[in-house]
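Pulled from TrEMBL, these are the features on record:
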- Gln135, Cys136, Gln137, Pro267, Tyr268, Gly269, Gly270, Met271, Glu272, Arg555, Met556, Lys557: peptide binding site (BINDING)
- His296, His300, Glu319: Zn(2+) binding site (BINDING)
- Glu297: active site, proton acceptor (ACT_SITE)
- Tyr384: active site, proton donor (ACT_SITE)
- 463-599: domain 'Peptidase M1 leukotriene A4 hydrolase/aminopeptidase C-terminal' (DOMAIN)
Amino acid sequence: MSLLANRLQRETAFPSWLFPSTVPNRAVNGWLTKCIAPLPLFFNLSLSPSYHQTLDTKDLKVSKVTANGQAAKFTLGPKHSFMGTPLEITLPFDLSRGQHVIVEVTYETAPNASALQWLTPEQTAGKKHPYLFSQCQATHCRSMVPCQDTPAMKHTYYAQVSVPKELVAVMSAVRDGEEPDPQDSSRAIYRFRQPVPMPSYLIAIVVGALESREIGPRSRVWSEKEFVDKAAYEFSETETMLKTAEGLAGPYVWGQYDILVLPPSFPYGGMENPCLTYATPTLLAGDRSLSNVIAHEISHSWTGNLVTNKTWEHFWLNEGHTVYLERMIGRSMESEQFRQFKAMGGWKELQESVNTFGANNPLTNLVPNLNEVDLDEAFSSVPYEKGFALLYHLEELMGGPEVFMGFVKSYIQLFSYSSITTEEWKHYLFTYFKNKVDILNKVDWNAWMHTPGMPPVKPQWVSLTISLENHSPGCYTFDEWDVKTLSTHQLIEFLSLLLQQEPLPLSHVKRMQEVYQLNSFNNAEIRFRWLRLCVKSKWEDAVPMALKMATEQGRMKFTRPLFKEVYNFDKYHEEAVRVFVAHRAAMHPVTANLVAKDLKVDNDKST
């Protein structure tokens, strides 16, 4: 979705980025980040005879551009509603073939930069210091730095970040030292380097009152001190997961694997930034039951970060393979039955996404057309679970998990450090399984790739739901042991099954609470499903709890459905809007924008 992705990948190599200073200053209209970004660029004379370069920007205030120290002309093109504005740079000198040019852009980010969320001290756990974090996927990096904001381009980067000395900076890179800021004794400079080429959406920066704990020989967990020990316990299996993934996919090339637990407003479960995985605090269940999200983010170190989708239409290459590898990690650490159980749950999530978008919506294609589509609005479980379902189907056809994992490992080795399309993946699939081409030719590739709705083939899962079926919605007998005998994953699956049915009678939901005491569960996955079930059944007592969960954290997986459930409860339609408007300023920009659309709130009147 880069404004100029195709043009940029032909014309330019982009080996590194440098941020000499990132300085937060309080301004009248909010927080600004003043940056100087020297961008080493190569200009292809045969393709760019007038020595122009175009970068993606969004709401950046560019004040100066130089090339090798000389002032360069620049213009900002027409603004697109969600893709931003192209920055056109003209060099002030003639070029010789292959000449290396340093283009330095001085700019400020906007207070409402979509990649950045600035938290006041009151919005943090410690209540004493502000907090900054970035989230660039899919095309928000351009609101933080002028760049080639497309996954087709990969680059290394180096950064220096100046922050108040009571705060700590971390980035999606290897830490490369710190020192007092020579220009301001009240500040410190943190240095970072990322020697492995990666796309712009993986740039990440966090500044806050952070502490860390070692959780393995190459891993630390970071968060505010109020959560750091709890996070260290929750993610103590990280090194085991890393070793398991290496055994499946090959060496881990990124050096450090740290996890940072963000404030509650972070809109996703996790984010696979190299060297610094983001994690939502909703994973801190106290029993490590939700750590499969970390297995997912670890898997991205190979599928997504090393082998990357060339454009966002091919996002399933990132996510489908990552879900497959995540579940293979679960298979190695738990059992094949555990893998199948998680796959069954994923199928239900896919069904819900298809129901939400509509079975004929082209955004439910595995390879959708994203021309003029805001990628935030297209986000769903489709590339994850429809992608996994295809890979699992191919696994069954090709000879089982060991055989197909051999292909996945070979695929990673072949395409590491590059960005590819579905056609390239498919061509290698046929090459690798050259003795089984007749079987592959029988796959309905058009139905899988380019047809909306559910996949053409439903995998044949091993039957693992006997205990759940005994408590199906048609059997309304309640005993406290129904829940006590279920694992966390089984209880999540049980509530998911109920959500797929017609709303339960209110009397039954009340009886479930009386016997099972589900309101007392703090596990976010369980609580989310239970509150949705209650609101669907028109239990008014659950509405305040649902709105509280929707606003006390900002994970879109939870926040958007909870708001929508309350909004669809006619009596509380206006209450859902009122609560959203009251909390909107504290939400992440992406979350706020999408919930506003869900609730049909006029963006211009809800600030």
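Using N, Cα and C of the backbone, Cβ positions are placed for all residues, glycine too.
Please treat TrEMBL annotations as automatic predictions, because they have not gone through curation.
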Subject >> Entries of Tyr268, Gly270, Glu272 which, being binding-site residues, have CA atoms within 10 angstroms of Tyr384 (active site, proton donor) >> reply: none
Original post:
In Å, rounded, how far does the Cα of His300 (Zn(2+) binding site) sit from the Cα of Glu272 (peptide binding site)?
Top reply: 6
Subject >> Cα-nearest neighbour of Glu272 (peptide binding site) within the listed recorded positions, His296, Glu297, Glu319 >> reply: Glu297
**OP:** Measure from the CA atom of Glu319 (Zn(2+) binding site) to the CA atom of the residue listed as 'active site, proton acceptor' and give the result in Å, rounded to a whole number.
**Re:** 10
Subject >> pLDDT averaged over every residue in the domain 'Peptidase M1 leukotriene A4 hydrolase/aminopeptidase C-terminal' (463-599) >> reply: 89
Original post:
Do you know offhand how many angstrom separate Glu319 (Zn(2+) binding site) and Gly270 (peptide binding site) by C-alpha?
Top reply: 13
Original post:
In sequence order, what residues of the same chain, 6+ apart, have a Cβ less than 8 Å from the Cβ of Tyr268 (peptide binding site)?
Top reply: Gln135, Tyr278, Thr280, Arg555, Met556, Lys557
Subject >> Largest CA-to-CA spread of peptide binders Gln135, Cys136, Gln137, Pro267, Tyr268, Gly269, Gly270, Met271, Glu272, Arg555, Met556, Lys557, angstrom >> reply: 18
Original post:
Counting every protein chain present, what is the number of Cβ atoms, excluding its own, within 10 Å of the Cβ of Glu319 (Zn(2+) binding site)?
Top reply: 23
